[in-house]
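As recorded in Swiss-Prot:
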type	residues	note
DOMAIN	7-191	domain 'RNase H type-2'
BINDING	ASP13, GLU14, ASP103	divalent metal cation binding site
Amino acid sequence: MNTELKILMAGVDEVGRGPLAGAVVTAAVILKKPIDGLTDSKKLSPKQRNLLAIRIKEEALAFAYGRAEVEEIDQLNIHHATLLAMRRAVEALPIQPDNVLVDGAFTPQLNMPCKAIVQGDSLIPEISAASILAKVLRDEEMVALDKIYPGYGFAEHKGYATPVHKEALMRLGPCKIHRRSYSPVADLISK
């Protein structure tokens, strides 16, 4: 009889702190075993991310998403909204982890041990997996929002402050999914 207890570790990461538009999306992942190719989602091509996301969903012991909407970002600020989204992802896991590792320098308030790891998305497979799932989901959402709010180019820049996005903001004004607390959105509204 195997008396070894496996400690369940969840990795958590976020996508979407910097954009001018859209939600901040988080994921929490508990892996059964390592998955080849896991790394920070920003180091992967969209095709690589999509293929790995499929494998993660198939092979992970558990995964869940969390989010903070634009209104929450504007009310709380991006730091607190991100921590809220991270907590939501962990609480949505169908299996409670024994401990949680979070990419970055801060951790959400949880009922289990939690540690922040700077550059954890490149170092810890569970955080890498969370990074990939969050990135794929948020990118898909921004492509869908591009159809609802045409003219801003969300499918291309995913809400980040590119020259194309800033020009569209000047021309069209902000839409419902723009973060009013972010410059240049706030600057445009105050004019």
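Glycine is no exception: its Cβ is also placed from the backbone N, Cα and C atoms.
On a predicted model such as this, the values are computed, not experimentally measured, just so you know.
Overlay of Swiss-Prot annotations on the structure.
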| residue | record | Cβ within 10 Å |
| --- | --- | --- |
| ASP13 | divalent metal cation binding site | 30 |
| GLU14 | divalent metal cation binding site | 28 |
| ASP103 | divalent metal cation binding site | 25 |
Cβ-centroid neighbours of divalent metal cation site ASP13, GLU14, ASP103, 8 Å, sequence order: VAL12, VAL15, THR26, ALA27, MET86, VAL102, GLY104, GLY120, ASP121, ILE127, ALA130, SER131, ALA134
